[in-house]
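Enquirer: Checked Swiss-Prot, it gives:
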{"type": "COILED", "residues": "80-120", "note": "coiled coil"}
{"type": "MOD_RES", "residues": "E73", "note": "4-carboxyglutamate"}
{"type": "MOD_RES", "residues": "E82", "note": "4-carboxyglutamate"}
{"type": "MOD_RES", "residues": "E86", "note": "4-carboxyglutamate"}
{"type": "MOD_RES", "residues": "E89", "note": "4-carboxyglutamate"}
{"type": "MOD_RES", "residues": "E90", "note": "4-carboxyglutamate"}
{"type": "MOD_RES", "residues": "E96", "note": "4-carboxyglutamate"}
{"type": "MOD_RES", "residues": "E101", "note": "4-carboxyglutamate"}
{"type": "MOD_RES", "residues": "E105", "note": "4-carboxyglutamate"}
{"type": "MOD_RES", "residues": "E108", "note": "4-carboxyglutamate"}
{"type": "MOD_RES", "residues": "E112", "note": "4-carboxyglutamate"}
{"type": "MOD_RES", "residues": "E115", "note": "4-carboxyglutamate"}
{"type": "MOD_RES", "residues": "E119", "note": "4-carboxyglutamate"}
{"type": "REGION", "residues": "87-115", "note": "region 'Disordered'"}
{"type": "SIGNAL", "residues": "1-26", "note": "signal peptide"}
Amino acid sequence: MSWTRVVVLSLLTTLLFLTFSSVVDSAAVRDDSKAGHPKGPARQVFVPESEASNFFKRRSRRSPRSYAELQAEQRVKIAANERWREYNEEQRNEHENYAEEARDESDERSRETHEQIREYHYDGLYPRYHWFH
């Protein structure tokens, strides 16, 4: 029974907090607010009609780009290409290191195996250079 009391108490506390919170006031729909004068974030999203039409007049779809816009776009492309190149170079280096380590381990194992075979087959009666003729 004590856990139900804890749950009910926590729910009531949350409800009380949400009731008096300023976040809920800004999210609630009010009847007395005027739609003509937006406040807060709405003012940043919606602009007057004159500013919106000037924005589209200033830069249409077919208008040539300014030199600054072209330069900024080129800088973004160059930076992206550089990041891509660095990433691929890092991946290639990691793969080369892994392949080199694998080759070294394989060479070491084969060398040890060959040494063991030589020692096993050598009986001391003839020089070693006669083995593989």
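Heads up, the Cβ atoms here are built off N, Cα and C, so glycines get one too.
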Enquirer: Just to verify a number: CA distance, E73 (4-carboxyglutamate) to E86 (4-carboxyglutamate), in angstrom, no decimals.
Expert: 20
Enquirer: When you measure from the Cβ of E108 (4-carboxyglutamate), how many other Cβ atoms are you left with inside 10 Å?
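Expert: Its Cβ shell of radius 10 Å holds 10 other Cβ atoms.
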Enquirer: Report the DSSP secondary-structure composition of the region 'Disordered' (87-115) as helix, strand and coil residue counts.
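Expert: Taking each residue of the region 'Disordered' (87-115) in turn, the totals are 29 helix, 0 strand, 0 coil.
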Enquirer: Give me the Cα-Cα distance between E105 (4-carboxyglutamate) and E82 (4-carboxyglutamate), rounded to a whole Å.
Expert: 34
Enquirer: Count the Cβ atoms, other than its own, that fall within 10 Å of the Cβ of E101 (4-carboxyglutamate), considering every protein chain shown.
Expert: 10
Enquirer: How long is the line from the C-alpha of E86 (4-carboxyglutamate) to the C-alpha of E119 (4-carboxyglutamate), rounded to the nearest angstrom?
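Expert: E119 (4-carboxyglutamate) has its Cα 49 Å from the Cα of E86 (4-carboxyglutamate).
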Enquirer: Provide the number of Cβ atoms within 10 Å of the Cβ of E89 (4-carboxyglutamate), excluding the reference atom itself.
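Expert: Counting Cβ neighbours of E89 (4-carboxyglutamate) within 10 Å gives 10.
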Enquirer: Cα of E96 (4-carboxyglutamate) to Cα of E82 (4-carboxyglutamate): how many Å, rounded?
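Expert: Here the two Cα atoms lie 21 Å apart.
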Enquirer: Considering every residue in the coiled coil (80-120), what is the mean pLDDT value?
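Expert: Mean pLDDT, the coiled coil (80-120): 94.
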Enquirer: Can you give me the Cα-Cα distance between E82 (4-carboxyglutamate) and E115 (4-carboxyglutamate) in Å, rounded to a whole number?
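Expert: Counting only the Cα atoms, the answer is 49 Å.
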Enquirer: Around E82 (4-carboxyglutamate), how many other C-beta atoms are within 10 angstroms of its C-beta?
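Expert: I count 10 other Cβ atoms within 10 Å of it.
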Enquirer: For the C-alpha pair, I'd like the distance in angstrom between E112 (4-carboxyglutamate) and E101 (4-carboxyglutamate), rounded off.
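Expert: On Cα coordinates alone, these residues lie 16 Å apart.
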Enquirer: Let me check the 10 A CB neighbour count of E112 (4-carboxyglutamate). How many other CB atoms are there?
Expert: 10
